[in-house]
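Asks: Sharing a structure, written as structure tokens. Questions coming.
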Amino acid sequence: AGTAPADLTVAQLESLKEVCEANLACEHMMDVSGIIAAYTAYYGPIPY
């Protein structure tokens, strides 16, 4: 469930990254697994 990465705009992805980068653990997971996986793991479904 949730939003497929291809459905997100660049601006939406950037805003997710900004939220994730405020959390060191999320930022690390983003580097390993990608922004979609990291954001949903720490913050739940993508709100778009």
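Keep in mind that glycine also has a Cβ here, set from the backbone N, Cα and C atoms.
Straight from Swiss-Prot, here's the annotation block:
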BINDING   E18, E21  Ca(2+) 2 binding site
BINDING   E21, E27  Ca(2+) 3 binding site
DISULFID  C20-C26  disulfide bond
DOMAIN    1-44  domain 'Gla'
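So where do these features actually land, and what's packed around them?
Replies: Long-range Cβ proximity for E21 (Ca(2+) 2 binding site), meaning a same-chain Cβ under 8 A and a gap of 6 or more residues, is found for E27, M30.
Taking all protein chains in view, 15 other C-beta atoms sit within 10 angstroms of the C-beta of E27 (Ca(2+) 3 binding site).
In sequence order, V19, C20, A38, Y39, A41, Y42, Y43 make up the list of same-chain residues 6 or more apart from C26 (disulfide bond) whose Cβ falls under 8 Å from its Cβ.
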Asks: Under a three-state reading of DSSP, tell me whether E21 (Ca(2+) 2 binding site) is helix, strand or coil.
Replies: helix
Asks: Restricting to the domain 'Gla' (1-44), what is the model's mean pLDDT?
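Replies: The average pLDDT of the model in the domain 'Gla' (1-44) works out to 92.
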